[in-house]
Amino acid sequence: MMKKNAMIDRYRWWEVVLMYCGIFVFLFFVLAPFIEGFLVSLKPLGLLFSTPYKFLPENGSFKAYFTMWESVPEFGRYIFNSFFISTVITVVVLLLVVPASYAFARISFRGSGTLLGAFLAVNMFSGAVLLIPLFRLMRAYGMLNTYWAMIVPGVAFLIPTAIWLLSTYMRRIPRELDEAAYVDGASHFYILRRVILPLAMPGITVVAITTFIGAYAQQFIFALTFNSKTEFMPLPIGLYAYFGRQEVIWNELMAASFVGITPAMILIFALQRYLVAGLTAGAVKQ
Amino acid sequence: MPGQKSAVIFAWILLIPALAYVAAIVVYPLLQTVNLSFTNASLRRTTDYIGWENYAKIFDAEFATIIGRTFLWTFLSVSIKMIIGTGGAMLLNAALPGRALFRILTMPPWIVPMAIGIFMWGWMYNGQFGMISGLLQRFGLVDGPVAFLAYGNTAFWATIITDVWIGVPMVTMYMLAAVQSVPQDLHEAAWTDGASRFYRMRRITLPMIFPAAITMSMISLISTFNSFDPIWILTQGGPSGSTTTMIIDTYSTALGSKKFGEGAARAVVICLFLSAFALLYFRAITKLSKRMTT
């Protein structure tokens, strides 16, 4: 088997060259903004605006990475807010989604298919369509300009994919296990807590990671609309305020962006196997 | 499983928190949007029902242009995402040294805060100092600096490309999973019969991943139609409305001009289109699964 595969996958030299060229172009497209952003962060502000365009920085330095802490005084706060908001969202989503997924995956009841479909339909509507009533709802409950303004709507739009992922995972746990426990007189609650939960832990981990990343990567529109207090702003909105100014200190903005995304980058390398599972399973909605 | 009735009750107890949450934060606001669309709600204290007036007001030539532009923008963005993503998936599937690393390197746009990636694109599009204009000038393809976001035509494409960039990791990973699920024996049988690599790609891989491509395009269609961040950050719908899609239009009507009633009417039109897409999606899926089983 191995040998046959090896032969079928043997490429001629020009095929290898062609494919590496293709991969290079593809990855260049994907990574170009990061390359550019990184190079900009190294260039001294004065040289940044020099023409003609120079790809590589002359007298590049990491100075912007130190000076930005003074130019963007709230920077640490923004990063903390981003992580805080994403963490709370993840916890709330898990609290709502774990029981619901158990119900969908392990108990057959009338209308479960339709209900699951209804949950998935939530994915269709972006927050933008619901902003006006949400704005009024937040105002009515005094949640505007608080962390809740970003947490409450954030949770709602991460529930569907999380339920889908986790119920698919739980469905794969063999039925015999809970049946045996049931025959021994265990209650449904006991089965959920002592049989299914421990076995579903890897699935719950994947859901937690994808939910966290979803919450971390997509925080923009709610934070833009429902919060105007600097002390609650997540990183993207905090930096957006600087981005919109007349005189943007580009090298520091880019440096700040890089420091801000470093935790996410570390996550990618540490958890990439989970990510692929989450990314692809999240897309499968058949 | 025994104890059917108590099990069903238990199921509903488990579902209630999630159901209540979605009902309060998604379903109720959705109904509110429909309700608001028949009023003249704004920042004023009083709100009156004005019937279909908002709808009569919004359906003018400009709105028709915005709808047309939204469809063109969405169609182009989804098509390019699918082409780049499928091509990328095939390349990342090839048994080449380094492919594990290449796969990881595909993910950053998906994983970093979207807005930050878009800031970086904003710099790239800058005419004086950005990479794209700079490289084009260096290679002599354009004479002077090109400020991509300053002209309607180039801004339109610039926002599409940035949106494509955000969507590519997901399409690539999804299509990669599809490519990997093509049975290896099909390739082996064809290979034994002397089929070339290109022939096998055209006659085995592409037909086999076609259903996955349809599913992915539909999912992508809905999220692309809803796309807000790239356009809002790069151009806010400008210059002179050339990148104003329906979502951007709704946002600026409702929250820019604070015309809540009129904005709600525009949002309802978006929801109608989205429902049509969802219907299309389910029909495509059922048709495909029928064709696959018979």
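Including glycine, each Cβ sits where the backbone N, Cα and C put it.
The transmembrane segment annotation in TrEMBL covers B:7-31 (among others).
According to TrEMBL, the feature domain 'ABC transmembrane type-1' maps to B:67-281.
Annotated transmembrane segment per TrEMBL: B:71-92 (among others), in sequence order.
Note on the transmembrane segment (B:104-125): residues 88, 92, 131-133, 147-149, 158, 161-162, 165-166, 168-170, 172-173, 229-230, 233-234 of its chain, located 6 or more positions outside it, place their CB under 8 angstroms from a CB of the stretch. Annotation source TrEMBL lists transmembrane segment at B:104-125 (among others).
Non-local neighbours of the transmembrane segment (B:145-166) in the same chain are 73, 76-77, 80-81, 84, 109-110, 114, 117-118, 121-122, 125-128, 130, 132-133, 136-137, 224, 227, 229-231, 234-235, 238-240, 242-243; each lies 6+ residues outside the stretch with a CB under 8 Å from one of its CB atoms. The transmembrane segment annotation in TrEMBL covers B:145-166 (among others).
The transmembrane segment feature in TrEMBL is assigned to B:204-225 (among others).
Within the chain carrying the transmembrane segment (B:263-282), a Cβ under 8 angstroms from the stretch's Cβ atoms is held by residues 30, 33-37, 39, 41, 54-55, 57-58, 63, 67, 218-219, 221-222, 225-226, 246-247, 249-251, 253-255, 257, all 6 or more beyond its ends. Taken from TrEMBL, the feature transmembrane segment applies to B:263-282 (among others).
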Chain residues in Cβ proximity to the transmembrane segment (B:204-225) (below 8 Å; excluding those fewer than six residues from its ends, i.e. six or more beyond): 70, 74, 77-78, 81-82, 85-86, 90, 163, 167, 170-171, 174-175, 177-179, 182, 186-187, 190, 246-247, 270, 273-274, 277-278, 280-281, 284-285, 288, 292
